[in-house]
Structure formats: C-alpha cells, structure tokens
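*Asks:* Attaching a single structure in structure tokens format; questions to follow.
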Amino acid sequence: MTKKVGDISMAARAVAIPPALLLLLFSLASPTAANLSTGYYQKTCPKAEQIISDVVTGKQISTPTTAAGSLRLFFHDCFVGGCDASMLISTNAFNRAERDADDNVSLPGDAFDTVIRAKTALELQCPGVVSCADVLALATRDLVLMLGGPFYTVRLGRKDALASTAASVPGNLPSPNMTVDQLIDVFAKKKMTVQDMVALSGAHTVGFSHCNQFASRVFNYDGSGGHDPTMNSEYAAALQQACANYEKDSTIAAFNDLMTPGKFDNLYYQNVLRGLGLLASDSALAADKRTRPLVELYAANQTAFFNDFTKAMEKLSLVGVKTGRKGEVRRRCDEFNSLST
C-alpha cells in the first residue's frame, strides 16, 4: 500500500496534478488498513505476541479442536463487517449480537474462550492496549502454524467494532450449500478473488461440520432416496450411518477431512477430487471449470496451496478493519466499553 501511495505522489510531481485532485487520489489510495503495521505494539506492549502465543499453545494442547474453531471464528468475524471482533460480543437485553445469528450459533465455545484467555493475560501485562480484533487475528495465525500450516504476516492496530447485530449476518457468509457462482459473489464483495476463495476453502482440511450442514447430500438427495452421486458411495454410506440420528441430536458431526482431520495440509483438495468432499460447496469446487484447475494444483502441490493460502489470509485479515475513532480497544472482548455503543 505504501508503495502505491508513493507512486501516485511521484506521478503527481511529473505531470503537475492539481492539489485538490492529488488529495482525492491520495485518500483513495490510503485505505484504513494502511494504518496497520507488524510493530504496532512494539513500544506499548512489546510482549503481546508472545503472551498470545503462550496462551493459545496451552489451549490447543488441552483442547485439540481449538485451532479449527478459531480459524472458523476468524472467517465469520471478517466476513461480517470486517475483522473487528464484532463476533465476540455477547447478546444483552438491548441487542441480539452477531454470534447469536443462525449462521453463527454452531461456532465452538473453545474459540471464544481462547481469545478471552489471551485478552485476560494481556490486560494483566498492558491494560487497555491490545484490541480483541488483533488478539483473534494473531491467535488464528499461531494456531494454523501449530497444526502444520504456513506462517503468514499479521499487521496490527485494528480497533474493536462499536456495533454487533445478528441482523447484519444473513447474506454475508459463505454457506455449505452454495453454488460456485454464489461463493464467488460472496467473496467478491470482500474484494477476494476466485483464487483467494479456493485457497481459503482449504481451511476445511481441519475441523468438523455438523450433520445438518450436509444431510441433504447423503439422505434422499434431490428426492432420489439416495446420496449425491458425486460422492464416493462408501463415504456416503458411512456418513448416513454416522448421522442417522442427527435430527434428534444436533451435535453429531463429521470431520471435514476424513484422512488427516487434525493436520493442516493439502489432503482436503485430494479428497474433493476423489468424491470425499463433505460439503456441497466443497464438491462444487471440483466440478466448476473456474475452480477445478486450482483444486488440482493444490492437490498436487502443497507448497502452492500454502503460498496462496498465506496471501489470501493476509488479504482477508485487512477486510473492513477499524482504526482511530471508528473503533475502540475493549476492556472485555464480549462487551463494549460503553452500553451506549
């Protein structure tokens, strides 16, 4: 971003752009994300990253589902209003918050707990300094790394949102039964490309999904009485058995990657090509000519997947960030500093 601004300034001197137009160009080329930096807390809380790392490491060791849950929480937070910790706010008597929207009720409690623990540790060391949005961003990066995934840069200085409403969620999140056209549209609204979308879908290499998110694929698919024909038959049969009582027990779930569910690798893409994709949206990526070449590339080349995932995560982490007076640094991640906000 800095280089782009510099290029505009140089061009302005060369062709003598009028000051008013130059100011307009400069403002357009200087998004809020330009205020973020990797060394944002170097003076105010120099041990921030180490404190967060220590907390999330302990949490992941004691609760191995933490990493996948935190990654999903981060996605959901960024896709609705930006990466601003609005997803962490609890509902109160005056407001139904994002986390209680229908699309978010299945987000795991361990993910929220991880951020709360890290924030508590930070408040003891440097109170009122590190935002919950930055805690979530850093925790997610560290947890991906713990599972064997790639390291990526997290720029810091986000402020926490001043609003969080369940009504803002519908239509902003990718869903398990979306078509590729719908997925492309949702990601495009965040200025994410098709490549970004396919790379970020690789996060399904870890974690699990509840049966109600894919039941329509394995039970009476399109009224046929059977399963989605794009699925491996033995895999579909195993899911039918595992999810037989899902309507009575909504907690029943299956691993997104049945081969290495606790490791961040490229087997998700290999599974999808073999009819072992769990969600309809997973299988759709292998069937569409716009996305299949990327699925094939990542299935064959984990380095290519990691490189593109890194770029996409760095890009996603800058979506809709708040700085300055557009946000606050919450004292507690689950509530605003003032009820008036």
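Cβ coordinates are placed from backbone N, Cα and C, and glycine is handled just like the others.
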*Asks:* Could you tell me which of CYS78, CYS83, CYS126 is bonded to CYS45 by a disulfide, according to TrEMBL?
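*Replies:* Between CYS45 and the options CYS78, CYS83, CYS126, TrEMBL records the bond with CYS126.
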*Asks:* Consult TrEMBL and report which candidate among CYS132, CYS211, CYS243 shares a disulfide bond with CYS333.
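*Replies:* Checking TrEMBL: disulfide partner of CYS333 resolves to CYS132.
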*Asks:* Within 10 Å of each Cβ, count the other Cβ atoms, then let me know which of the binding-site residues ASP77, ASP84, GLU98, ASP257, ASP265 comes out lowest.
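*Replies:* Lowest Cβ count within 10 Å among the binding-site residues (ASP77, ASP84, GLU98, ASP257, ASP265) is ASP265.
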*Asks:* Which residues, in sequence order, are found in the same chain with Cβ within 8 Å of the centroid defined by the Cβ atoms of THR205, ASP257, THR260, ASP265 at the Ca(2+) 2 site, excluding those residues themselves?
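*Replies:* My list of surrounding residues reads VAL206, MET259, PRO261, LYS263, PHE264, ASN266, LEU267, TYR268.
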*Asks:* What whole-number Å value do you get for the CA-CA distance of CYS333 (disulfide bond) and GLY82 (Ca(2+) 1 binding site)?
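*Replies:* The Cα atom of CYS333 (disulfide bond) is 16 Å away from the Cα atom of GLY82 (Ca(2+) 1 binding site).
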*Asks:* Tell me, roughly as an integer, the mean pLDDT over the domain 'Plant heme peroxidase family profile' (35-337).
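*Replies:* Across the domain 'Plant heme peroxidase family profile' (35-337), the average pLDDT comes out at 96.
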*Asks:* For each of the disulfide-bonded residues (CYS78, CYS126, CYS132, CYS211, CYS333), count the other CB atoms lying within 10 A of its CB, then report the residue with the highest count.
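*Replies:* Selected residue: CYS132.
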